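Some notes on the structure that comes next.
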Amino acid sequence: MRARPGAGGIPEERSGACRAPGRPVGLSPLRCLSRGLSPGLLYLRLPNLSGSGLQATLFVEIQCEITAKAEMIIQRVVLNSRPGKNGVPVAENFRLELSTIADTVQAGCVLVKTLYLSVDPYMRCRMNEDTGSDYLQPWRLSEVADGGGIGVVEESKHHNLAKGDFVTSFTWPWQTAAILNGDSLQKLVPQLVNGRLSYFLGAAGIPGLTALLGIREKGHVAAGTNQTMVVSGAAGACGSLAGQIGRLEGCSRVVGIAGTDEKCSILVQEMGFDAAINYKKGDVAKQLRELCPGGVDVYFDNVGGDISDTVISQMNQNSHIILCGQISQYNKDVPYPPPLPPDIEKIQKERNITRERFLVLNYMDKQEASVLQLCQWIQEGKLKVRETVVEGLANIGAAFQSMMSGGNIGKQIVSVSK
């Protein structure tokens, strides 16, 4: 069984009969009705991505025959291929295609335009036939992918949602528009995040909740006890927040581990970390001893592997590991959490270091209060937020590939439309 996702994992939810998966558009005439057009012929031009990936310049012409049946043409992204349990995901594992959705909204449903989509490490597991998890369903080949998303209601037949409302879902389809069950959507209040809607996919969303609840539930942070926290993957969506929250909750010293000098500089100068280590330069163990002379009391683990082994070897008696994720292990067919090497496991047991699996979805009864706390910190400027934004649905595969290899600073977001 392969490495499972950590706290970022999102369960598969059925959004009800309103969800219209659509159908791909081929080169043959498509029966469709485009709003505002008279019956006739509609010609579309779009990149043909089948030959040379996202940078393709070849164009194909699609002829659509207008009929009385009402359908809308959309773009969507489907799983094109699986990287294999031990493979590295690439942009070409995904495919952009035209599809259609019904132009009629049924009772209880809403038509939404997609604004933002989230790509997250847990999605790597959904690319396999077996996710290794009982709460994640695999993506199916040639079917639309889904995940965290935000959109705006364009037409509503749901009693609690109106045109213009901003909404979000954990299972938002990767397409430019969709008809969704209104009960599956959560209404958003943009003012809570100073109008930055995408923050609801990051600092005020699952990554923020994971950082806050992970520290509160598994970190055992106590103000005034001179605790030192270390965060691996510290410049990522969750890690960049965890270090700041650790400080806000009472840690006296916070040290981050990241993969570039730029990331380390941002952690210290912008996000208030006391120090940061570039694990690609120098001796990490030596630098850690110098920066944490009193040892490590709390470790927010986003990566696993050799980096985590090094940190654990310098942890104090009765210290705590917040097991958020193991991104270094997601391309390997190993159980979750991955077993520690024998010498590190011995240290963990001898020093009574807790290393319990943490899943934020088990604490959703605390979601509302926690989101409000995160939003308050954002409004007060106490929680600094970084995002890496990629424009266009066509580039979501490249965004996912980049995120999995550490190309992002803060939350990786795909902006689909304005």
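Keep in mind that glycine also has a Cβ here, set from the backbone N, Cα and C atoms.
Look at TrEMBL and you will find 1-20 tagged as region 'Disordered'. Taken from TrEMBL, the feature domain 'Oxidoreductase N-terminal' applies to 76-188. The feature domain 'Alcohol dehydrogenase-like C-terminal' is assigned by TrEMBL to 239-331.
When the domain 'Alcohol dehydrogenase-like C-terminal' (239-331) is classified with DSSP, helix, strand and coil residues number 39 helix, 25 strand, 29 coil. Note: the domain 'Oxidoreductase N-terminal' (76-188) comprises 10 helix, 52 strand, 51 coil (DSSP; helix = H, G, I, strand = E, B). The predicted model assigns the domain 'Oxidoreductase N-terminal' (76-188) a mean pLDDT of 95.
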